[in-house]
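Lifted from TrEMBL, the feature list:
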DOMAIN    67-249  domain 'SMP-LTD'
DOMAIN    240-362  domain 'C2'
DOMAIN    402-518  domain 'C2'
TRANSMEM  7-31  transmembrane segment
Amino acid sequence: MGIISTVLGVFGFGIGVAIGFVIGYFLFIYYQPTDVKDPEIRPLVEKDSKSLQQLLPEIPIWIKNPDYDRVDWLNKFIEYMWPYLDKAICKMAKKIAEPIIAEQIPKYKIDSVEFETLTLGCLPPTFEGMKVYNTEEKELIMELGLKWAANPNILVAVKAFGLRATVQVLDLQVFACPRITLKPLVPSFPCFANIHVSLMEKPHVDFGVKLLGADAMSIPGAYRIVQEIIKDQVANMYLWPKRLEVQIMDPAKAMKKPVGILHVNVVRAMKLRKKDLLGASDPYVKLKLSEDKLPSKKTTVKHKNLNPEWNEEFTFVVKDPEAQALELVVYDWEQVGSHDKMGLNVIPLKDLTPEEPKTITLELLKNLNPDDVQNEKSRGQLVVEINYKPFKDNELPADVEDADSVQKAPEGTPEGGGLLVIIVHEAQDLEGKNHTNPSARILFRGEERKTKVVKKNRDPRWEEEFQFMLDEPPTNDRVHVEVLSTSKRSLLHAKETLGYVDIYLSDVVSNKRINERYHLIDSKNGRIQIEMQWRTAS
């Protein structure tokens, strides 16, 4: 009986399991639960931006934000250069970190801290997009979307109390949005003096740490605590408006700030050659410092005189006495047509002894080519008195690194007055009816100054500076700036106005400096950027 009951039990279990599977299969296939709804299907174009970001969290930043640009070229460049950038960055990091470590370890009674291994791995960072800000200052501001899943190997050995411990950093992940500012922009390679780096939001930082060869992040709670500490510390140091500053070059040298004043007295000319067919010539002298964008200075015209006497004084701001030279050109003034050149010569500033007045008699030449036989002919002589006065330490202009700083007026500025500096930077969206060869004309207190002509350009860049020495602040004055287009090919429309603007100077006097972009009157979309400074001796 025992055997029969066992066989029947096994047989019954098998039949029961088979029947259960059949019933379960049919229930699964044919039974429809009432609490489950059909999914809502909608085209992606009907989703809002927040829903799309939840569905697709890895959308590149240049898709989510139209003002960001793709930078595939930059990622490709970094990919090719990464083996070399890795070594250069690690070398720089060690150079920066070692003095800081050497200064800090005595406080904690540590014998030494050394980098045994330092490499960022073979995986370069990836930039998702770049946004560039347009400002009116001499700076370039960029915001980047950075994602970096790296495989670094950073091994640091610490020795203290006769013991040695190692800390190793592995498997680094960094997601950040840094703002990089290059300022000030300078005319010397690499064309910027400092790099300022700030973080626009708290970064995501994830990494593995081995302490004495063991995974320290596997300790319960350690991972979250360490990650939050690092986020907070990095944010406290570099979250905007705080920043990390790296100096690339000395901005004072790069900007070639003024180092002295050159005093010139044009005394007389002698035995000038006659240029006019009828009567004597009408000479005057143009003076200019080489490598200086400021317009030339002129003496008065002495009519019908081949031995004129001027005794007129001029001052020039010197920025590089080793390279600059004073250029003097004598012209014959003509009422109609171009003025004839009577002769020229130069005085290199490096040949002058500082603080020592000197009278120089120059032989006027045809040109500065020493091998030209035409220079052997006598063209007359020019007598000048010259004195170069370098600035003393307490007279040096303010540090050029501060874009908002204003230099002091040069020596000889009238008491109670100052120097009005007008810098014409650029214009945009200019449009002429017949031609667009723009130049800017400045009218102030009856004086007229002009920039160079930029041919066939709707967005000209001049970067020219004009100075006006005044006996009193121009509080109630205004400057008239007009943009003109000229063409020698068009006789009927040789000159036309592209727009103008009147700028009142009360704000310049009170604020010392303004840098604005003005909409041009009588122009559809034209704008011009002008910077003004009011420099005083105090």
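Easy rule for this one: first residue shown is 1, then count along the chain.
Using the three backbone atoms N, Cα and C, a Cβ is placed for every residue, glycine included.
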Taken over the domain 'C2' (402-518), the model's mean pLDDT:
84
What is the number of residues in the domain 'C2' (240-362) that are helix, strand and coil, as DSSP sees it?
8 helix, 56 strand, 59 coil
Run through the domain 'C2' (402-518) and tell me, per DSSP, how many residues are helix, strand and coil.
6 helix, 57 strand, 54 coil
